[in-house]
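Trainee: Next up is a structure, given as structure tokens.
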Amino acid sequence: MSTNYEAFHQALKSAKHIATLCGAGLSAESGIPTFRGEGGWWRNYKATELATLSAFKRNPSRIWEFYNYRRGLVLQKTANKAHKALVDFENKILSQKPQTQTFTVITQNVDGISSNLKNYIEMHGNLFRTRCMQCGDIEENRDFPICEGLKGTENSKFDIDLPIEKLPACTKCKGLLRPDVVWFNELLDPKITSKIQVELDRCDLLLVIGTSGFVYPAAGYSEYVRSRGGKIAIFNIENTGNADFKFIGPCGETLPQALQV
Ligand code: BV8
Ligand code: ZN
């Protein structure tokens, strides 16, 4: 396992298909809390208990208060040096004449901060899209608060139990909207998982950036790439997991240096 940038730069130059698997740590330096540790709690619920269909069905108001709070938080945040490094590196690859390498960013994050990338796969959906529980209509929506009834609830310590008719409603059929994200125990969009499979099947260098590797199927990706002979580089503040390259520290510092951007 190497922690030296020179060796990594060699591997980066000789790789044909470079991909990333990003997690909440990519956005941590933008001030967006991660799921582990203090960031994983909201009021006194664990995020993993709130990000489920059953929690939404049981108490749609509480879950919309949670997502409205996260939307409001993300809307005030900006991209950090790690997000910028991914964009700059993608531009570098795309301006190769002829293009001899591919670069694809696969992210678990739903904050949409990297959406200015060209080859970008959001595995778990996006906070700023809604989906109708009735007719399935999907809309972009960056309103904050997302509905009148949720105004000013983002800092309240207690649930406000809005009645369903006051929660976000579909403009087409008036049905109850949900955030267009993948909740725990929900299947990922098969169109997305097949795009990811194409990338994993050809990836010879996977950058695993700011993820604790708990959540499946993302958590299985580096094993899969390694089993096919691909190399793994971990960018994390914790020294976890095994990899060919490890850069321990804030990815806002390590990634620009590793990608030479
Ligand atoms: C599914 C959207 C089929 C919602 C999210 C196999 C084994 C065990 C369990 C399962 C399995 N297969 C399926 C499961 C169940 C489940 C699962 O994995 N559970 C876990 C908890 C064990 N998986 C699913 O349900 C998935 N669906 O598999 O469908 C199926 C269907 C039914 C039944 C079975 C199977 C769907 C999972 C998607 C869940 N949705 N997000 C929302 O966000 O509201 S997951 C959500 O949490 C995030 O998207 C992200 O994926 C995850 C958090 O993980 P990380 O991103 O890694 O963040 P975390 O805070 O954990 O870590 C941050 C890291 O950054 C840390 O390592 C830290 O050290 C580091 N860091 C911090 N600062 C920095 C830094 N690094 C660098 N620089 C810094 N500055
Ligand atoms: Zn509808």
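Placement of Cβ uses the backbone N, Cα and C atoms for every residue, glycine included.
According to TrEMBL, the protein has these features:
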- His124: active site, proton acceptor (ACT_SITE)
- 23-42, 108-111, 210-212, Cys251: NAD(+) binding site (BINDING)
- Tyr67, Arg70: substrate binding site (BINDING)
- Cys132, Cys135, Cys170, Cys173: Zn(2+) binding site (BINDING)
- 1-261: domain 'Deacetylase sirtuin-type' (DOMAIN)
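Help me understand the surroundings of these features in the structure.
Mentor: Under the DSSP three-state reduction, His124 (active site, proton acceptor) is assigned to coil, being neither helix nor strand. The Cβ of His124 (active site, proton acceptor) lies under 8 Å from the Cβ of Gln108, Asn109, Val110, Val181, Val182, Leu188, each of these being in the same chain and 6 or more residues away along the sequence.
Taking Cβ-Cβ distances under 8 Å and a sequence gap of 6 or more within the same chain, the neighbours of Phe35 (NAD(+) binding site) are Ala24, Ala47, Thr48, Ser212. In this structure, Phe35 (NAD(+) binding site) belongs to neither helix nor strand by DSSP; it is coil.
Tyr67 (substrate binding site) carries a helical DSSP state (H, G or I).
When Cβ atoms from all protein chains are considered, those within 10 Å of Cys132 (Zn(2+) binding site) total 21, not counting its own.
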Trainee: In sequence order, which same-chain residues at least six apart have a C-beta under 8 angstroms from Gly23 (NAD(+) binding site)?
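Mentor: Thr34, Thr107, Gln108, Asn109, Ile209, Gly210, Thr211, Ser212, Gly213, Ala218 - these are the non-local Cβ neighbours of Gly23 (NAD(+) binding site), listed in sequence order.
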Trainee: Mind looking up the mean pLDDT for the domain 'Deacetylase sirtuin-type' (1-261) in the predicted model?
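Mentor: Mean pLDDT across the domain 'Deacetylase sirtuin-type' (1-261) comes out at 95.
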Trainee: When DSSP states are folded down to helix, strand and coil, where does Ser27 (NAD(+) binding site) land?
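Mentor: Ser27 (NAD(+) binding site) sits in a helix per DSSP.
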Trainee: Here's one to test understanding: among the binding-site residues Ser27, Gly31, Tyr67, Arg70, whose C-alpha is closest in space to the C-alpha of Cys135 (Zn(2+) binding site)?
Mentor: Tyr67
